Amino acid sequence: MKLYELIYILVQVWALFYLVSSFRSQLPWASCDNPWNTVNCLGLQSFNSSNVTATHHNTTSAATEFWENRVLNLSSGIHDLGSLSWELVLCLLVSWILCYFSIWKGIRSSGKVAYFTATFPYVMLFVLLIRGLTLPGAWEGIYFYLYPDLKRLANFEVWMEASSQIFFSYSLVIGTLSVLGSYNHYNNNCYKDCFWLCLLNSVTSFIAGFVVFSVLGYMAQKQGVTVDSVAESGPGLAFIAYPQATAMMPFPHFWTVCFFLMLILLSVDTHFVTVESVITSVCDLSPDFFHVPRRREIFVLILCSSFFLLHLPLVTQGGLYIFQLIDYYACTRACQDFMSVCQCLAVAWLFGNIIEDMTGHRPSFFFKFCWKFVIPLVSAVSFVLYLVDYQHLKINNSYVYPDWAYALGWIMSMSSVLMVPLWAAGQLFFTEGTFRQLSNNRINMNPLLHCGSIL
């Protein structure tokens, strides 16, 4: 799952492309006077409450055409990858170079980089928040944000999607927290870390909602439509709706640079932590080999160079189709739910609890009850519902992938889901002793042996 997750460097690539384009004398997604625009293009000067909804049917905004025809230059489908975009290739190279020099010296170098990449976006976030709240129509968007349709809470699928978002937001069940936590001292107060992690993540998400919906309210007023009609999800929000909104503001270049600089730093931070997790996991398998000077740096260089080459198909004309396929199948909710059940069973039922030995505090009954029963049950139900309600991936509700692409998607899903039971079965088959003997030996092992990064 970690290796599949590396494709999200493409968000950083797109943001770099937009950042460079922001320094042109006129923002290229603000007008229809460009070679990539069509006769159906609708420029920003046409966005006003009197004519958008009345006379501009079957049109495409300039921001949408810049995204689809200039940045992506979409081909007809995944079967037609087309040619490489040299601008995106260059952005991809810069992104991997930034990643390499962020982690090549290990956790110490990445920790120093994180001081900037994790804190500076907060400055940009508050700058954009203040600007968003002062825009006309902003409070309509905030009202839409703070007063949702409560009837939707009765839909069980809403809660399943919310749990999936928590998995993504906290990077659960894919090893990131385990790898980074292994660098802590054995007696580190993990309760305190978890509390601050949850608080900071939730507060940041809540504040970011004001930043997004204040701008969407402004766009809705300018276009004379409701907020829900301009509220997009996925790449469309970051690369169509928000650039279009900043282009409508006074001093558009400044606000555009602020937004994409924040997006780049966030993606850099997320990406190098993902790569660091992979590297640490591999190095912990052979610590004697990788603790030799320069070997780790060479390994990081080989990994970054290899994935730069592997990601070249993502910056072709059909790259978005590959990106969406991997995102939909390889890092899907089903994989997360299955891993959640496996981890809870392994830690809460088989491995045993060493938190009291680590922190000096026995976990409360509530935590134990959640680890043993609630989380596995909810995750299992979510897993089953995903399979029952499964629908084939479509792009813009129109493009349908060929059958071989859907088969490839399920192979990617199964490659991570089946890894756990197959590996467990192999260990039980090749290790001498009964299942009970193996479980007792596992529980009685010195807990320090599981902190490989420390040793």
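Any Cβ shown, glycine's included, is placed from N, Cα and C.
The Na(+) binding site annotation in TrEMBL covers Ser169, Asn201, Leu266, Asp269.
Annotation comment: TrEMBL describes Cys32-Cys41 as disulfide bond. In sequence order, Cys32, Thr59, Thr60, Ser61, Ala62, Glu65 are the residues of the chain that are 6 or more apart from Cys41 (disulfide bond) and have a CB within less than 8 Å of its CB.
Marked as transmembrane segment by TrEMBL: 84-103 (among others). Beyond its flanks by at least six residues, the transmembrane segment (84-103) meets 9-10, 12-14, 16-17, 20, 71, 73, 109-110, 113, 117, 268, 271-272, 275-276, 279, 300-301, 304-305, 307-308, 311-312, 314-317, 319 of its own chain at Cβ-Cβ distances under 8 Å.
Positions annotated as transmembrane segment by TrEMBL: 123-146 (among others).
Summarising the annotation, TrEMBL assigns transmembrane segment to 166-183 (among others). Tertiary neighbourhood of the transmembrane segment (166-183): same-chain residues 1-2, 5, 107, 190, 193, 197-198, 201, 205, 273-274, 276-277, 280-281, 284, 333, 336, 339-340, 343, 451-454, selected by CB-CB distance under 8 Å and a gap of 6+ residues from either end.
What TrEMBL lists as transmembrane segment is 195-220 (among others).
Annotation source TrEMBL lists transmembrane segment at 254-279 (among others).
What TrEMBL records for 299-326 (among others) is transmembrane segment. Residues 4, 6-7, 9-10, 13, 72-75, 77-85, 88-89, 91-93, 96, 99-100, 103-104, 275, 278-279, 282-283, 290, 393, 395, 399, 401, 405, 408-409, 412 of the same chain, all 6+ positions outside the transmembrane segment (299-326), place their C-beta atoms under 8 angstroms from a C-beta of that stretch.
Per TrEMBL, the feature transmembrane segment maps to 338-355 (among others). When Cβ-Cβ distances below 8 Å are used as the criterion, the transmembrane segment (338-355) is approached by residues 1, 167, 172-174, 190, 361-363, 368, 371-372, 375-376, 379-380, 383, 416-417, 420, 439, 442-443, 447 of the same chain, each at least six residues removed from its ends.
Residues or ranges marked as transmembrane segment in TrEMBL: 367-388 (among others). For the transmembrane segment (367-388), the residues of the chain that approach it from at least six positions outside its boundaries are 156-157, 160, 163-164, 332-334, 336-338, 340-341, 344-345, 347-349, 353, judged by C-beta separation under 8 angstroms.
Counting only same-chain residues 6+ beyond the ends of the transmembrane segment (408-430), those with a CB under 8 A from a CB of the stretch are 1, 4, 325-326, 328-330, 332, 334-335, 338-339, 342, 393, 401, 438. According to TrEMBL, the feature transmembrane segment maps to 408-430 (among others).
The record gives Ser169, Asn201, Leu266, Asp269 for Na(+). Within 8 Å of the mean position of their Cβ atoms, the other Cβ atoms in that chain belong to Thr204, Thr270. A 10 Å cutoff on Cβ-Cβ distances gives Leu266 (Na(+) binding site) a total of 19 other Cβ atoms nearby, all chains included.
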